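Novice: Below you'll find the structure I mean.
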Amino acid sequence: MSWSSALIKDISKPENLIISSEIAVVIADKFPKAQHHYLVLPLADIPSIFHLNRSHLSLLEELHLLARNVVEVKGVRWQDFNVGFHAEPSMQRLHLHVISKDFVSTSLKTKKHWNSFNTELFVPYTKLYAQLEKENSISRLPKSLKDELLAKPLICNQCEFVARNLPSLKGHLVGHLQDPKSVCQRVRLGNQFFPTAGYRTSELAYCFDFVDFYEYKKQMEVDKLAYIRDELQRKLNDKRNFLIESDRAVVMKADYPKSQYHFRVVAKEEFRDITQLTEAQLPLLDHMMDLANQIIEKQKHLESRNFLIGFKVNTFWNRLNLHVISNDFYSMAMKRISHWNSFNTELFMPFQIAYMMLSVQGSIESISEETYNNLQEKTPLRCNQCEFVTNMLLDLKAHLYQHWQRKEDERDQKKKVDKIIQMISETKLDEAEAKPKLLNEEEPIQAQPVAAIAQYPNEHLGKPLTPQQQPGKQQAQNVYDKNINGPSVNMMNQNNPNNPFRNTPHLNRQSQKPPHPRSGPRGPMAPWTGPRFPCHQQQNRFRPPGFNACRQPYPPYHSGHQQFPNASSVGGGQTGLPGQGQGPRPKWNSNKIFNQQNRQNTVQAQPQAQNQQTNQQQIQNSNKNQTPKKKPWKNRLQPVGKVQNQGGANRDPAPPSNSKPS
């Protein structure tokens, strides 16, 4: 890569970037020709200004905005900079120069360096922007004109001094940097350590000059303070800082908020503070108050009584601004006693008092400097929310944190309550929409319980239940009457094929009694729960699990799976007709059901055992003449009657053991 492509390499390194955006970046010049020299480069591959057209005007605006940002970041004045492009650039990639006017640098070594920034070879940003907007292109300078401009004499950019050579010019520029006033006046005063007689003015300009650096430092501090005071004026030129904008004022956030919520309503008219207002500016105050109420309404779960709205009597900024600040004063920027006193003493004038004084008196008088200094350092510090008093700001901030934490808990609780109320209102709205419209001659249909709707989602409102659905409805009502606070587990997620909500997510609550494990020869079997209505109904077409020859025999005390947990469908249970009074569904009692099943299975197993013994004797007589073979494993099981379920008594006897299973 050649030296002309060095800029492309520099912007690819993150450590070189001062400011970056999605469109352009800012870097420092490797060979600065002044104390401040920065380059603003676009990320798009644009070789030079000769490749620009009207479509790049927005790009130029972005480059100019970044140039202003880097000047503000460095804390220097914008008017002390030259911003523009080289008419004959030597480096590839379009770049905007942001260079200070002092030109005091060791990298300023040749006459070409000076003339490239202080002649027509340097095209200001505004001039290039206007030419591009008018002509849609930038043309090159003729070579003869370029050579003529490079050969121009070295003329100071801050006065009419003409230097014989570059060293004399650099010495003259150092004098301008040390004292912003005229250098010629300082030369006439002379120097007590260096004789000036016999020397020309141009030769004395670059001599060492022992000036009063204390006065210079003091002047620089004053200039810096004035620059900071104009911060609000600069923010008015950048619309990205605006939260709310109108034709007379804007709302923006405070750079160093003294509370959790701190906004400024800045007037666009040039008034320094409230002492310059008269009765004619009352409509302006009304408009600023309206904007303050708008920004307060945008803060959720925070009422207007928690805000202070007013002006500072002796403001720091050179622009009229109305403070809108929450009264918690919980902020890291609250660092000094003067910060607290500026909002909690007579230094802060509420909006109502300022408005009344302008209405009655027509003006507001400023306070004296002595009174202002005394109020700034006033002690003890009193809490604005209780009677707490202390002399240390750190103790006050710790106390204010407790108030803030309590209010935050109340706001969180209020948010939760509002959310619950909103959910309830939405549920009521959905029920109102689902309710059918009443005809003129029809009576209103009584609303059905939620449990019935959940169990029978396909049931239309107003349609009577079938005899098969009535027991299930009555059973569901009895269950939910006992479980007022809800079931112990999510009953809507039980693996019942008749349950339309069986695929819904679980409530992450475990059952108090886990289900009995069902293991088979090929792994665990899927759990089975029978329907909740009586057996032998047309809706129950699910095949119950029958005999499995590959399954290991059950223990003698076990009779098989329980098919119908409903007490009405177990042997001997009464099945009432729809509409008859039925008792509530009995609770599960493992010992009672187990003993009942054993008694039923013992009665049913006796005739089955007699039939099986007869079948086995016939099989043995038919196989006497055959060669004896080892019986297969499945024929060496216990009698079939011990593993059949409750419905085995109604089936045909089992086939002989030497026949193939169906």
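Numbers here mean position along the shown chain, with the first residue as 1.
Each Cβ is built from the backbone N, Cα and C atoms, and glycine gets one as well.
Look at Swiss-Prot and you will find 490-500, 600-626 tagged as compositional bias 'Low complexity'. Under the heading compositional bias 'Polar residues', Swiss-Prot lists 501-513, 560-569, 588-599. The annotation compositional bias 'Gly residues' is assigned in Swiss-Prot to 570-582. The compositional bias 'Pro residues' annotation in Swiss-Prot covers 653-662. Residues or ranges marked as domain 'HIT' in Swiss-Prot: 4-108. For 482-662, the entry in Swiss-Prot reads region 'Disordered'. The zinc finger annotation in Swiss-Prot covers 381-403.
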Novice: With helix taken as DSSP H, G or I, strand as E or B and everything else coil, how many residues of the zinc finger (381-403) land in each class?
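Specialist: Going through the zinc finger (381-403) residue by residue, I get 11 helix, 4 strand, 8 coil.
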Novice: When the pLDDT values for the domain 'HIT' (4-108) are averaged, what is the result?
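Specialist: Computed over the domain 'HIT' (4-108), the mean pLDDT is 88 on the 0 to 100 scale.
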Novice: Kindly report the helix/strand/coil residue split of the domain 'HIT' (4-108) according to DSSP, in that order.
Specialist: 36 helix, 26 strand, 43 coil
